[in-house]
Amino acid sequence: IIQTLGNSNQQYEPDRSHTAGTDWDPGRAAVASAYQRFEPGAYLRNNYAPPRGDLSSPDGVGPWKLRCLAQTFATGEVAGRTLIDIGSGPTIYQLLSACAHFEDITMTDFLEVNRQELGLWLREEPGAFNWSVYSQHVCLIEGKGESWQEKERQLRARVKRVLPIDVHQPQPLGIASLAPLPADALVSAFCLEAVSPDLPSFQRALDHITTLLRPGGHLLLIGALEESWYLAGKARLAVVPVREEEVREALVLSGYEVRDLRTYIMPTHLRTGVDDVKGIFFAWAQKKVGVEV
Ligand SMILES: C[S@@+](CC[C@H](N)C(=O)[O-])C[C@H]1O[C@@H](n2cnc3c(N)ncnc32)[C@H](O)[C@@H]1O
Ligand SMILES: *[C@@H]1O[C@H](CO)[C@@H](O)[C@H](O)[C@H]1NC(C)=O
């Protein structure tokens, strides 16, 4: 897949330029249009309030996601100064373990309503979603004796900016990025498959975000398996159904070494009708050194 040419030690990515580009794409335009109806409050209720937001049973989806992240950061191998969360949406749970390991965190989303929702929580303003159950749970599983208030204080202090992003652009943060680049690590949860009309688009979006990451840096990618739609208030969003092996192949094609890849099967009682998700994947991937993406 990665060819080494002649006696040169330079490595080359496969040529996908025939499918790349910023040209208008009807599939992508439909995704962007559907997201204009996205309601952060409804999305938070559907996915982060009970039953999915009930963290009291270790078999639930919330504890599984938080455990994957906590265990990966506990290895000590994912560390540095700067981290970018790709497609944060209105949620912060995905950074609760990360924030102890990176002092400069950038959150990002395509929609202003989501960036505003994040602002409410970051500034502790009225109406913000209450993530304290999540903060408490992460403190519990990390077992460092930290209080949830200290955890939240650290995360708020380390999120330095909330920026617009479009993963379909070759430079997702724009040409004059306000984030320090390249980042030492990326986190992205439920974004790429939820904004891509098909697998080639998912692959290109992964290529695009990978340009934001330094060689040797780490990507923690969480997403939906075999999902084709989800609801967020008046919005019904199309999702490209992906299988675990397709995620693995996409990561390899984008120049990563897959360090860990796990699957969670959505139990019946968490199939609540807000989407048709069958499972969740968690990938820990490390960008190879010496690969031009
Ligand atoms: C399913 S939500 C995931 C939110 C959050 N990360 C989570 O874990 O729940 C997908 C997010 O992708 C954002 N999005 C939509 N189009 C996008 C694009 N072109 N580039 C990046 N993000 C986009 C949406 O605004 C939404 O917040
Ligand atoms: C969030 O809920 C916790 C209880 O779990 C409570 O102690 C805290 O005051 C709430 N925060 C806000 C801002 O309402």
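Quick reminder: no glycine exception, Cβ is built from N, Cα and C everywhere.
TrEMBL does not curate its annotations; it predicts them automatically.
Annotated compositional bias 'Polar residues' per TrEMBL: 1-12, in sequence order.
As annotated by TrEMBL, region 'Disordered' applies to 1-25.
Per TrEMBL, the feature S-adenosyl-L-methionine binding site maps to Y43, Y48, G87, S88, Y93, D109, N114, D166, V167. Sequence-distant contacts of Y43 (S-adenosyl-L-methionine binding site), defined by Cβ-Cβ distance under 8 angstroms and a gap of at least six in the same chain, are G89, P90, A232, G233.
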If you draw a 10 Å sphere around the Cβ of V167 (S-adenosyl-L-methionine binding site), how many other Cβ atoms fall inside it, taking every protein chain shown into account?
24
Can you name the residues of this chain that are 6 or more positions from G87 (S-adenosyl-L-methionine binding site) yet have a C-beta less than 8 Å from its C-beta?
T108, D109, F110, I165, V167, S188, A189, F190, C191, L192, A194, V195
Going through the binding-site residues Y43, Y93, N114 in sequence order, which have a CB under 6 Å from an atom of ligand 1?
N114
Span of Y43, Y48, G87, S88, Y93, D109, N114, D166, V167 as binders of S-adenosyl-L-methionine, largest Cα separation rounded to whole Å, comes out at 24
